[in-house]
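Swiss-Prot has this to say about the protein:
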- 12, 13, 44, 45, 77, 78, 187, 188: substrate binding site (BINDING)
- 76: active site, proton donor/acceptor (ACT_SITE)
- 186: active site, proton donor/acceptor (ACT_SITE)
């Protein structure tokens with residue numbers, strides 16, 4: 001049986017999930033977190049099959065179970081598209097997916113039910129958002145746009161790419177004229193939100209905000225909110241390099257991080 005003092009597990013293919021972690025820390029600072037960055041197997045969004053993604057994420061869930069997690073957040077849109085149902089069948093602990101959160105926050109913000117989603121190739125081609133929208137809000141019209149290079153560019157250093165503005169213009173020009181809301185459908189994208197917002201006039205929404213609400217609701221309903229007074233501990237585990245990951249995560253989160261490298 002789960003206990004209040006157990007940890008919250010968050011995972012992503014790399015740095016992107018830190019955008020979700022930051023929102024969680026702001027709202028639930030007393031919780032203990034384990035962040036699993038599978039950057040040794042990055043990228044998830046191109047070149048991997050659904051089956052491969054299911055196996056990779058199953059291994060991560062095993063890691064969380066062994067490390068005493070009470071709830072898991074799939075802070076990766078690609079993994080959520082490929083594996084959320086598979087993981088929920090395999091594991092009994094609560095698992096929160098980011099695609100559902102993205103559809104929910106878009107539904108709350110759109111005035112005309114026309115939204116666009118920028119995401120990885122896998123998420124777009126698998127129609128992760130369109131399929132989930134049919135289940136959660138059938139009136140939503142969803143335009144999915146695959147920004148093939150973005151996650152890799154952000155993971156390795158967005159500002160080092162001279163063609164970033166050109167690519168931004170290319171992909172953002174695909175947003176339909178009648179769309180009034182843009183969903184950041186990859187957790188890496190909030191890291192370049194400022195650049196995205198400079199190029200468009202419609203509302204930009206980040207599913208991480210909805211993830212926080214769902215996490216609070218789930219933990220409250222299960223009586224698992226950590227009620228200790230001191231700030232929680234955050235431990236990072238990565239399957240790839242730490243020399244770029246560590247300073248980038250620290251700069252974004254505004255604090256030093258405790259990080260360990262584990263086999264991929």
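The backbone N, Cα and C atoms fix where each Cβ goes, glycine too.
In sequence order, 14, 15, 16, 19, 150, 151, 154, 155 constitute the residues six or more apart from residue 188 (substrate binding site) in its chain with CB-CB distances below 8 Å. The Cβ centroid of 12, 13, 44, 45, 77, 78, 187, 188 marks the substrate site; residues of that chain outside this set whose Cβ lies within 8 Å of it are 14, 16, 17, 43, 76, 79, 120, 123, 151, 186, given in sequence order. Residue 45 (substrate binding site) sits 9 Å from residue 76 (active site, proton donor/acceptor), taking the C-alpha atoms as the reference points. Counting only the Cα atoms, the space from residue 76 (active site, proton donor/acceptor) to residue 12 (substrate binding site) is about 5 angstrom.
For the binding site of substrate, formed by 12, 13, 44, 45, 77, 78, 187, 188 according to the record, the largest Cα to Cα distance is 12 Å, rounded to a whole number. Cβ neighbours of residue 187 (substrate binding site) (same chain, under 8 Å, six or more residues apart in sequence): 12, 16, 17, 19, 20, 75, 76, 77, 98, 207, 208. If you measure from the Cα atom of residue 13 (substrate binding site) to that of residue 186 (active site, proton donor/acceptor), you get 11 Å. Highest local Cβ density among the active-site residues 76, 186 belongs to 76, counted as other Cβ atoms within 10 Å over all protein chains shown. In sequence order, 13, 44, 45, 53, 119, 120, 122, 123, 128, 186 are the residues near residue 78 (substrate binding site), counting only same-chain partners six or more apart with C-beta under 8 A.
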